[in-house]
Amino acid sequence: MQDISNHTPMIQQYLKIKSQYQDILLFYRMGDFYELFFDDAKKAAELLDITLTARGKSNGESIPMAGVPYHAAEAYIAKIVKKGLSIAICEQTGDPNTSKGPVERQVTRIITPATVSEEAFLDNNQDSILVSIFEKNNKYYLAYTSYTQGKIYLVKTLTSLNELKNTVLKLSPQEIITNSRELAQQNPFKKPIKALEEWYYSNFEAKKYINDSLDTNIANNILNLYKNDQLTTIGSILSYLTNILKDTPRHITDISYEQEQDTLNIDINSRINLELDNNSKSSLLSIIGKCKTSLGSRLLKRYFSNPTRNLNILATRHSIINSLGENQHFLKIQDVLSYISDIERIISRVALGTVKPKDLVALRYSLEQLPILKKLLSEKNTPEITNINNRIHQLDELVTLLDKAIIENPPTTIRDGGVIKEGFDKELDELKSIKDNSYDFLIKFEELQKQKIGISTLKVGYNRVHGYYIELSKQHADKIPTEYVRRQTLKASERYITEELKNFEDKVLSSKEKALAREKLIYDTLLKKVIEYYKQIQETAASIAEIDVLANFAERAIKLKLSQPKFNNLAKLELKEVRHLAIEHNIDEPFIPNDTLLSKDTNTLQIITGPNMGGKSTYMRQVAQLIFLAYIGSFVPASYADICDIDTIYTRIGASDDISSGRSTFMVEMTETAYILNNASAKSLVIMDEIGRGTSTFDGLALAKACAEKFAQMGAFTLFATHYFELTELAKQYPNVCNIHFEAKEYKDNIYFMHKAVTGAAKKSYGIQVAKLAGISQDVLESAKQNLYNLEKKQQLTESTQVQAQFQLEPTTQNPLQQKLDAIDINTITPLEALNILFELKKR
């Protein structure tokens, strides 16, 4: 640590504390402000757009300083946290009246992007995720927690950086911790990440934190169930949270393992290509996600992150959707749900000590809705709905307690009192009555003093510095009684105190302090009582979230004309009248649906041709989106859907340069294609759009043909859009390949897209007509037409050899020299025979 002896005692104290929190901003409490110094001040001034000032000197230079008011700090902290930065809150813990030197201060809380619980810091519709990555022997062990949900999830061991990246980005965490400094430095996730000290990833420490943090039975089960490296990863989260909270994270009550074989996997590029859950208005989530509660919105996002292939779970969801859809029963349920607040996060704030009085009012009001909700659910007496209803706890005792204890519109904090209802605590009421009745005393006291000394202008008042006083004009100085003691001199008047008024002041101020202390004690006791219901409220919140999502699915099914999908084990994907929801939502004219059939018995690969804007990409995307919706338990945009087991969806759609990594468009395309080829299986759905565009015609055609053949050979369900008409010949070579195309009609030099998939190969690309629609000038179009005519004429002259060269990509006959060389057996030939052959070849 640097020499700080030349600084003032206060700055010395600051630097000592700051040395323990070098990588985060230190909010240092000074009176009614949080102050920041040195580099922290510069950074805060820039981030928060606040004034940068100075205080004192350091090495002859002014010390930068910036500050925010204590009462408004929450808004400033929220801005910092949302930028991915962390903050240490340093409070005054000593008594200024008894302190020698600077008032004692210590960090009471650390706020990081993933460990906040206050409403102002959180996105209500998104989980706050903390990910821990333990790297060991080229393997990645990953665990994560949704902080306010009170659970830790363990993910399967990952064996590649690409697999790790996909897993992390799918979770979209607010914060990542790791033992790998190299990984933190590279940060392939582009998320807030920090490398922690080694002890956080010590197996010994991990087991200690598991035992200290979790219920004994849960801890024993975890220690027996998981391997050491998995325990290390779980323990790293618990130790990190303990350090952040300055307390044991007792709100963590569950550890679970995510079974990959139960989920439909979609890599991050495919998620982006399919516009599943980004923030745009055209995303699938924006169309499907109309939940009434924050609880439901977050659960739906979890469904989007981990679509399930468990058919029992899907059957349960579909059964509930059907039940809630009968007579639009979901409308009554959604009406009740709209009055329910985020009780999951409220009870977490209670456990973490960050709850506000208004949260308790919101909790009470939400719990009051539960009897109504339970009654509505009981009207649909199915086993699936009854199971959810049984996990919604009707907490009447807690409702009564909160109703009696907290006023209807409490202040923001308990700090200044005024939270506890009159009649809840007799002692508090008595203390408050002293202050409340003080006005009557002062009126009577003032009137008595006026009569006593005969001065009608006498008045009794109060200020925070000098307390209660009797004020008289200086012209009445000769009438001042001897019992009046001067308290303050003003320009035109004097202020006095009497023994009676001083006794009253002591009583009132004492009662106010005692009332605040009593109210704080009652409030803390109330929170301890509320936390006894923690597990019941968490279970209730989870059940409300589930019924909210399924009621939302029921409403969407009717509103968007969705149908219930079927599942088969026949390796067949049969879809009728499929629609693309986002496009249908955003166009005025009717959307034209299409059928899709993929089957091991007929075709697993469709070569799709047709003009740009004809509907090829929409057709492929809508199939992938339909499969995705089926596996989150929603109904689907088709009149009929019979779906087989799909374990992964891969897409290769569009591309652009990756300038930051020095990769061209073609390199990006080939990298993504290689990933799909190396990982796809017979249970995959593969979407390939225009492979080979970024290179020469022959190279592109060769690569596209090879890729298509590979998918045909592996039997993956593949939709393969291309402008290489030569690929349509594959249907003659492979029985599981078929051609479909999207038609267009020409009329008077104009093109009209039918958007309908038709069996067979397209005969034209209509590129010039599409260029006309795009606004290309007429002279360029005429030149293009002439060029096209010349090229087609040339093509006709050499069609047989040209097509053969493009399509076969190898010589039709072998060179005689090559034949002779291939016939030589180098394992049996003698040196003399080799020389004779060489002599013979040279003569040729």
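Even glycines carry a Cβ here, placed using N, Cα and C.
According to Swiss-Prot, the protein has these features:
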- Gly610, Pro611, Asn612, Met613, Gly614, Gly615, Lys616, Ser617: ATP binding site (BINDING)
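Counting only residues at least six positions away in the same chain, the Cβ atoms of Ile592, Asn594, Phe742, Phe753, His755, Lys756, Ala757 sit under 8 Å from the Cβ of Gly615 (ATP binding site). Same-chain residues that are not part of Gly610, Pro611, Asn612, Met613, Gly614, Gly615, Lys616, Ser617 yet have a Cβ within 8 Å of the Cβ center of the ATP site turn out to be Phe742, Phe753.
Most other Cβ atoms within 10 A: among the binding-site residues Gly610, Pro611, that distinction falls to Gly610. Summary for the binding-site residues Asn612, Met613, Gly614, Ser617: the Cβ-based neighbour count within 10 Å is maximal at Gly614. Here Lys616 (ATP binding site) comes close to Ile608, Thr609, Gly610, Asp689, Ala721, Phe742: these same-chain residues lie at least six apart in sequence, with C-beta atoms under 8 angstroms from its C-beta.
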